[in-house]
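*Asks:* From TrEMBL, for reference:
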type    : residues             : note
DOMAIN  : 31-64                : domain 'RNase L inhibitor RLI-like possible metal-binding'
BINDING : SER46, VAL94, LEU117 : S-adenosyl-L-methionine binding site
DOMAIN  : 68-195               : domain '16S/18S rRNA aminocarboxypropyltransferase Tsr3 C-terminal'
Amino acid sequence: MKAAMPFTKVIIDITGDSEESALSITRAPFPVAMWDVGQCDPKKCSGRKLSRHGLIRPLRLGQRFGGVVLTPVGEKCISPSDRTIISAHGLAVVDCSWAKIDETPFTQMKSTHCRLLPFLVAANPINYGRPCQLSCVEALAAALHITGFKQEAELYLSKFKWGSSFITLNHTMLDVYAACQGDSSTVVAAQNKYLEEARLEKESRYRGKYNRNKVFCQVWWLSIIT
């Protein structure tokens, strides 16, 4: 059974100038790979930029990947329990476009560990602030952070001038997801709890604003009739 929505899925990518800082690692200690189906602008593809830095390797259609794969057709959410799989076999991402999702040959991307991402907000220049509209590097960094590879997440984001903004925007949610004990269901539960609390807080702010406006209108009307 598929986990509850919403989940983040990977879409067209964007690049930017580097925001590198001193990091104690220069590459991940496990394979990081990508299926690129050529649906986005090569000049704006964050996955291709990572490839130029030697941080990700391309996969061919029909090629099997033994690690965790971030894909829109995953049936489970990534969770801290996936750390052992990533440590042993690596992490991969499907670079595809929302606009061409029905044209993407997912059946030719073989893996037994397909995963979705929980609710997160994009920091990339094209979709900044939009929920779930992540680039490839953001998707990889999110998965790395949630599974305890925080230095690796920082390394990948450091290749983009806007990279640190992704952690800034999502640090609360990422830390909540990373602290989950158990499988994907615990991450889904944490996601739903966070979204519900955010909804209630928004409603509370709206009611407060409505009540203040109501009082102002009453005072204004009384000042007129008196």
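Any Cβ shown, glycine's included, is placed from N, Cα and C.
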*Asks:* What counts of helix, strand and coil residues does DSSP assign across the domain '16S/18S rRNA aminocarboxypropyltransferase Tsr3 C-terminal' (68-195)?
*Replies:* 66 helix, 19 strand, 43 coil
*Asks:* Mind giving me a neighbour count for VAL94 (S-adenosyl-L-methionine binding site)? Other Cβ atoms within 10 Å of its Cβ, every protein chain shown.
*Replies:* 26
*Asks:* Let me check the 10 A CB neighbour count of SER46 (S-adenosyl-L-methionine binding site). How many other CB atoms are there?
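*Replies:* Here the count is 30.
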*Asks:* Please report the number of other Cβ atoms within 10 Å of the Cβ of LEU117 (S-adenosyl-L-methionine binding site).
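*Replies:* If we count other Cβ atoms within 10 Å of LEU117 (S-adenosyl-L-methionine binding site), we arrive at 24.
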*Asks:* On average, what pLDDT score does this prediction assign to the domain '16S/18S rRNA aminocarboxypropyltransferase Tsr3 C-terminal' (68-195)?
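*Replies:* The average pLDDT of the model in the domain '16S/18S rRNA aminocarboxypropyltransferase Tsr3 C-terminal' (68-195) works out to 93.
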*Asks:* Among SER46, VAL94, LEU117, listed as contacts of S-adenosyl-L-methionine, what is the widest Cα spread in Å, to the nearest whole number?
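*Replies:* Largest pairwise Cα separation, rounded: 18 Å.
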